[in-house]
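Structure record follows, encoded as structure tokens.
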Amino acid sequence: MPTGMAAPRGADAVAVAAEQQQPVAPPKRFHKKKATKVDESELLTVPDGWKEPAFTREDNPRGLLEESSFATLFPKYREAYLKECWPLVQKALSEHYVSATLDLIEGSMTVTTTKKTFDPYAIIRARDLIKLLARSVPFEQAVRILQDDVACDIIKIGSLVRNRESFIKRRGRLLGPKGSTLKALELLTNCYIMVQGNTVSALGPFSGLKEVRKVVLDTMKNIHPIYNIKTLMIKRELSKDPELRSQSWERFLPKFKRKNLKKRKEPKKKNVKKEYTPFPPPQPESQIDKELASGEYFLKENQKKRKRVEEIKAKQADAIKKRQEERNKAFIPPKEKPVVKAKKASTEKKIDIEAIKEKVKNAKKKKLGALPVEEVKLKIAADEKKKKKKK
């Protein structure tokens, strides 16, 4: 083979080798590696007790290049509480090398990174901490946001419902009687929930926050939270079974149908539809038609004016007459009641005097509550006989 030429490959190499009678190696083939079958359920599940390793200074020994800061405003009623717990806030943030300042004049809280800060996400957690404190979350709960496995979600509910009364009712449903509904949600989602004003603050694991947001938004859409609590309870029991983890849970979850029981308001004035007729309504009479019917159309101008004046005078006379009648009403004396004559006692019915006398005698003999005379005599005789027997 002449020098300076590229060596042939593949089929060309075989042809050249046949000419030169040299043994040639067969062309290389790319063999696919046999893929080992892995169970999908093992890939999706996380082993029990596994935790993500904590971020240490060894992971970022040189620290941060730039200084970052976040600020948030707080309402006037939180000023006294923040003033008390601010040393504890500074102490908690100093462990992550984040500085915090409280401005009572402007009503704001500010967090900034320092030269010693090595965790880039520490400033985000510090920002969430001051946000939660501004939304009336107590410090004991808000400080948990600095942990790696805890997150927060502030849900704005003020603009979801237009009517103020219905908004207050739906927000009250989230709390429930004596806070029972909120407590049930906290136990099922492992989150701390705070309903304050136009926001709902939630603090806990990511999976729990997702459920809390769904329940809150559904409640504002007029879906009672008890339905979502039922589904959460069923999911909690299903998650305990290792066989059902990789299966769909739709067959176990309840399906609630929405019932709209609100009656349509009936209008005060009901428009009754007239019966359909193919004929158009009669054309209204014009002024000329009316004048032709009454004969006024053929009168002269002087006669028309005289007629109008007479009509005006007649109307004025009627008005004067009515006014005079109303004035004269004050001078009309009221009608006197007719004198009723006393009726004479009728002597037709005769009174039986002897019967009345007998009744009076019997009444005198019979005293009120006393026994008749004959019964008294019999009792006295019976008592005397008993005394004789005893002797």
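Glycine is treated like the rest: Cβ placed from N, Cα and C.
TrEMBL annotations: computationally assigned, not manually curated.
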Per TrEMBL, the range holding region 'Disordered', considering 1-39, 157-195, 352-390: 1-39
Long-range Cβ neighbours of the region 'Disordered' (261-290) (under 8 Å; 6 or more residues past either end): 297
